Every structure is written in C-alpha cells, then in structure tokens.
Amino acid sequence: MSETAAPAAKTLAPAPKVGIVSLGCPKALVDSERILTKLRSEGYEISGSYDGADVVLVNTCGFLDSAKTESLDAIGEAIKENGRVIVTGCLGKDAELIRETHPQVLAVTGPHQYEQVVAAVHDVVPPRHDPYLDLVPPQGLRLTPRHYAYLKISEGCNNRCTFCIIPSIRGDLVSRPANLVLAEAEKLVKAGVKELLVVSQDTSAYGVDLKYAESRHRNRPVRARFLDLCQELGQLGAWVRLHYVYPYPHVDEVIPLMAEGKVLPYLDIPFQHASPRVLKAMRRPADHERILERIKGWRAGCPDLTLRSTFIVGFPGETEEDFQFLLDWLTEAQIDRLGCFQYEPVTGAKANGIPGAVPDEVKEERWHRLMQHQQAISDARMQARIGRSIEVLIDEVDEDGATGRSWADAPEIDGNVFLNGETDLKQGDLVKATVFATDAYDAWAERD
C-alpha cells in the first residue's frame with residue numbers, strides 16, 4: 001500500500017502588533033480600551049514596548065497647554081523610538097499643530113473617533129484575521145487592573161466654564177442609552193471586576209440630552225436618568241463609585257442609595273472655587289451657602305459620605321480676599337479629599353480675556369497655603385476612622401503585605417489602606433479590617 005504525504009500545514013504570518021501611549025483622564029483611557037478591543041478582535045496583538053510594535057498609537061490630552069506640551073513630547077518620543085506613529089485624542093482636534101511639530105506622524109484623528117483610528121491602523125499595518133486566534137473577551141480589553149474598570153456613560157458637556165475647552169473638543173453632551181451602559185457593566189462584573197468607576201464630563205447630567213428616554217434591558221424598561229442608572233448599577237454586586245458629578249439638586253436623590261450600601265458613599269465634585277465673584281467669572285454655580293447646606297444635608301443622610309473635589313487658585317482676577325474666602329469655605333465644608341491646580345491659560349478658553357492675571361509666584365504661594373490648610377482638615381477626618389472596621393479592596397500584594405483601598409479611596413488619586421504582613425491575600429480580594437493608624441491621606445489596618 002502506497003503512502004501519501006500529508007499536506008504541509010499552512011503557516012500564518014505573524015500577527016501585526018500595535019503599541020499605545022494613553023495620556024490624560026480616565027475617559028481617555030476608556031477610549032484607548034475601546035480602540036484596542038476593536039483592533040484585537042481583528043487579529044492585532046498588543047505590544048508593551050516601542051520596539052515590538054509595528055505601529056504606535058498616541059492618545060493625547062489637550063485640556064491644558066501643559067497637557068498639550070506633554071502630548072507633543074510623547075508623540076516625539078514615540079517617533080524617536082518607533083517611527084510609525086498615529087495620533088488620536090483631544091489634541092487631535094489641532095492636527096495642524098501636531099503636523100507642524102511632528103511632520104513624520106502618519107495620521108491624526110480627533111477624540112472618540114474610533115472608526116477613523118482603526119482605519120488609519122489598517123492603512124499602515126493591514127489586519128490578519130483568523131477567527132480561531134482573534135478571540136476577545138466579551139468585556140473587551142482594558143488598561144486597568146483586572147479588579148476595577150472605568151464605565152463611561154456619556155461624551156461631551158453642556159456646561160461652558162470659561163477655563164475649559166472640552167465642549168469645543170468633545171462637543172455637547174451625548175449620553176449612552178441606559179441598556180448599553182448596563183450591558184457593559186454586567187459584562188465587566190461577570191469578568192471579575194469588583195469596582196465600577198462611573199465617568200463622563202458631567203455624570204449627574206446623564207440622560208438630559210436623551211430626555212431620559214427608556215430603552216429595554218433584559219426585557220424591561222430602563223431610563224437614561226442619573227438616579228435610575230445608579231439604582232441599576234447598585235444591584236450588580238460591585239462597588240459603584242461616582243466621578244465628575246456637578247452639584248445639581250437632584251444629586252440629593254442618590255444619597256439614600258449610598259446610605260443603603262448600594263452605591264459607594266463617595267462623590268467626586270469639582271467645585272473649583274468658593275468665592276461667588278470667582279465662580280461667576282468661571283461660569284460655575286456661585287451659591288456657596290446653598291452648596292454648604294447641600295453638603296450638610298448629604299452627610300446627615302449618609303454620615304460615611306466622602307467628598308473629593310478639585311480647586312483652581314490664581315484664576316484671573318482672584319484677590320487675596322477671594323482666596324481667603326475659599327480657605328474659610330473649606331474649613332466649613334470639610335472636604336475629605338482635595339486636588340488643587342494653579343490656573344494656567346488654555347488656548348481658546350474664554351478666561352484668557354478676563355483681566356487681572358495673577359503672578360506665577362502668587363499662584364504658587366496660594367497653592368502651598370491651600371494644600372497646607374487642607375492637610376489639617378484631611379488629617380482630622382482620617383483620624384476619626386481609627387478603631388473602625390472597614391471593607392478593603394486589595395490592589396497589590398508583595399512580601400511586606402497587602403495594599404488596598406476603602407470606600408473613601410479612588411484608585412490613582414486618593415489614599416491607600418495598608419495591611420502589613422497580609423501576604424496570603426490576592427488582588428481583587430475584599431476583606432474586613434480595623435483601622436489602627438492614619439495620616440492625612442492613608443490608613444493602616446489589621447485584618448478582622
């Protein structure tokens with residue numbers, strides 16, 4: 001009997017590799033994840049280094065002039081290290097600036113232009129599709145650790161703050177239908193995510209543009225409304241943390257959900273200032289007394305509520321009296337977590353035309369005074385947690401023990417909870433621990 005040689009196995013060409021540099025806010029990080037998920041589904045591999053990539057994507061930030069400089073520097077580094085670079089993100093709105101600075105760039109697209117980014121990658125490195133190899137998890141690819149994820153619920157913003165150019169970059173508010181948000185959230189939780197960080201430009205305005213329209217999720221109607229969305233997310237069994245909330249009156253409605261433990265008692269509200277005169281110049285809500293009343297009401301309804309906020313010092317026209325007003329307001333408001341920025345002009349912002357520029361040395365001095373003032377407030381509020389048993393989400397474990405976060409700590413921007421000697425834990429574990437020491441930012445606890 002004669003033997004027949006088996007046909008040679010078909011050899012597939014190596015999958016093209018894409019590298020990415022993601023700059024800016026968590027919302028931009030979500031954009032990067034969506035782009036990578038799409039590319040991975042088409043057979044591309046993700047490279048963790050410049051030299052291993054066939055093309056590099058740089059997702060830029062263009063919010064501040066300093067962020068533009070950082071983005072241009074990152075583009076330059078990618079060109080130097082790899083040479084094949086596609087630019088996307090907020091700075092992509094200024095394609096002329098990018099091409100003037102870096103003419104070697106292969107393509108430039110604007111923010112949340114996913115189709116254009118993917119098409120640009122196709123032009124540079126055509127995809128190699130194989131249905132057996134190009135498997136993507138249903139929750140998509142993420143750039144965060146496995147146990148937490150950012151959930152973007154809308155794009156753009158309807159506010160017109162004079163220091164901000166986001167509406168000119170990302171447009172007016174465009175909310176995602178509630179069923180799409182909930183479907184994504186369910187996939188994330190099913191994949192092991194323990195914490196959902198809800199982000200947008202204005203989270204509390206969610207659904208306004210849709211007129212709170214209903215959509216169907218699991219054969220029942222769900223409304224595109226801030227409270228309804230929080231209620232739905234609170235039933236998924238994961239931590240739900242609310243970021244970028246505007247101090248609208250209807251925020252009061254979510255406080256009971258926090259008191260019931262369905263949503264984390266944590267609000268990230270960028271107040272920006274307290275002086276009515278400065279807030280008016282910023283085109284921000286200027287009723288400082290009503291906001292203080294609202295804060296007191298929130299804490300009465302949910303004593304564990306943690307408030308994070310950001311402020312700007314040195315805004316054009318800010319006087320010493322305005323700044324002292326802000327310090328006094330902080331003493332009364334008792335903000336738990338605070339970030340502060342020295343004002344800097346942003347190309348295209350209306351604030352550039354406001355008279356009374358504050359000298360850089362005065363901005364610096366006020367920044368230090370505010371941070372020192374706030375440190376004492378934060379320290380006292382942290383000390384009040386000593387002796388309390390809290391739930392801790394573990395972020396990292398090494399030979400010294402575990403590092404995690406409580407309800408009061410958002411990743412990257414807030415403090416940590418240290419559990420010394422707890423080396424048997426793993427990332428994503430939720431454990432109970434009693435706080436025995438604190439400083440202005442962090443806590444030390446022993447496992448219960």
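Every residue gets a Cβ built from N, Cα and C, even glycine.
Cys61 is the only one of Cys61, Cys157 that Swiss-Prot places in the [4Fe-4S] cluster 1 site (with Cys25, Cys90). DSSP places the residues of the domain 'TRAM' (383-448) in helix, strand and coil in these numbers: 1 helix, 33 strand, 32 coil.
When the Cα of Cys61 ([4Fe-4S] cluster 1 binding site) is compared against those of the binding-site residues Cys157, Cys161, Cys164, the shortest separation belongs to Cys164. Within the group of binding-site residues (Cys25, Cys164), the Cβ with the highest number of other Cβ atoms inside 10 Å belongs to Cys164. Annotation for Cys157 ([4Fe-4S] cluster 2 binding site): spatial neighbours Cys164, Ile166, Pro167, Arg170, Asp172, Leu173, Gln201, Asp202, Ala205, criterion Cβ-Cβ under 8 Å with sequence separation of six or more. The Cβ centroid of Cys157, Cys161, Cys164 marks the [4Fe-4S] cluster 2 site; residues of that chain outside this set whose Cβ lies within 8 Å of it are Asn159, Arg160, Phe163, Ile165, Ile166, Pro167, Gln201, given in sequence order. Within 10 Å of the C-beta atom of Cys161 ([4Fe-4S] cluster 2 binding site) sit 19 other C-beta atoms, taking all shown protein chains into account. There are 28 other CB atoms within 10 A of the CB of Cys90 ([4Fe-4S] cluster 1 binding site), with all protein chains counted.
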